[in-house]
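Read through the structure below, which is laid out as structure tokens, and then see the notes.
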Amino acid sequence: MESAIGEHLQCPRTLTRRVPDTYTPPFPMWVGRADDTLHQVVMGYLGVQFRGEDQRPAALRAMRDIVAGFDLPDGPAHHDLTHHIDNQGYENLIVVGYWKDVSSQHRWSTSPPVSSWWESEDRLSDGLGFFREIVAPRAEQFETLYAFQDDLPGVGAVMDGVSGEINEHGYWGSMRERFPISQTDWMQASGELRVVAGDPAVGGRVVVRGHDNIALIRSGQDWADAEADERSLYLDEILPTLQSGMDFLRDNGPAVGCYSNRFVRNIDIDGNFLDLSYNIGHWASLDQLERWSESHPTHLRIFTTFFRVAEGLSKLRLYHEVSVFDAADQLYEYINCHPGTGMLRDAVITAEH
């Protein structure tokens, strides 16, 4: 049994765990492992927003342009494509890229082909919305959890490998305790979302500044290779409850501290749906994410179902990754997106702006 925290990230713990040292988890789970050369990763969520079938071809072309840019020097080591319909009826094509270090992502994003595309006046006049939500957690600021050991998705795809069975799972509070930084830091949030350029009500280009310790969760489901019984388990038993919880967070986020929630379906380059999905949730703080997870009926039902079936899972792949960030390691930028998009909804326009 291993700790979820890599040996090179372990230090004397000043904050106590929720379980005793003798705790044994009820079933096996694993985490992504990276060596001490990985200091900080970058997660880039690059979106194209549209409404109506007449805009779909142009939106798909724009998505393909973004993906083509990943082939340039310093492009991400891993990416995937997703689709989301928000509660205003807009469709969003989201290209998600992962970089193993900040410098390569910076070189990529500032290269002339990429920066000129994003900064072009065409982005303001082509009838689509665009956004980029880019965050860069340090190695001690993110955790992963997988019910499988191969072909890790998300940030796991840019790590070196996978752990043995880990100890920190199967109890409330284990998510926090998989963060290396949790050994000595409560990861308390401070500040608020602020609009620092533009006006969401007007449109055009809008930039939102984040605050310390915003939390981002990506929680995924892969039923592509599942047999009939596991497909039924997911589609008939897990998905309805999951969808209910995700819709609640999408529509009632401010009441519980959730800035943005998108339950997305993976797609291919032509926009066809794949049998994979995940949730993208931005939270005002990790403790607010914890409170919702531990108390809301929909999540409690999901958690109970997972506990019941986890040990017998074969080809239904379930996982999550959670991260927090310093304010300086976040960028939220929107072009002609509706004011309820992403971090725009809860961002405050200050007097000095």
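Just so it is clear, glycine is given a Cβ too, placed from its N, Cα and C backbone atoms.
If you check Swiss-Prot, you get these features:
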ACT_SITE  HIS320  active site
BINDING   SER219, HIS320  aliphatic aldoxime binding site
BINDING   HIS299  heme b binding site
Rounded distance in angstrom between the Cα atoms of the residue listed as 'heme b binding site' and HIS320 (active site): 14
C-alpha spacing of HIS320 (active site) relative to SER219 (aliphatic aldoxime binding site), in angstrom: 4
Neighbour count (Cβ, 10 Å) for SER219 (aliphatic aldoxime binding site): 20
Three-state secondary structure, SER219 (aliphatic aldoxime binding site) (per DSSP): strand
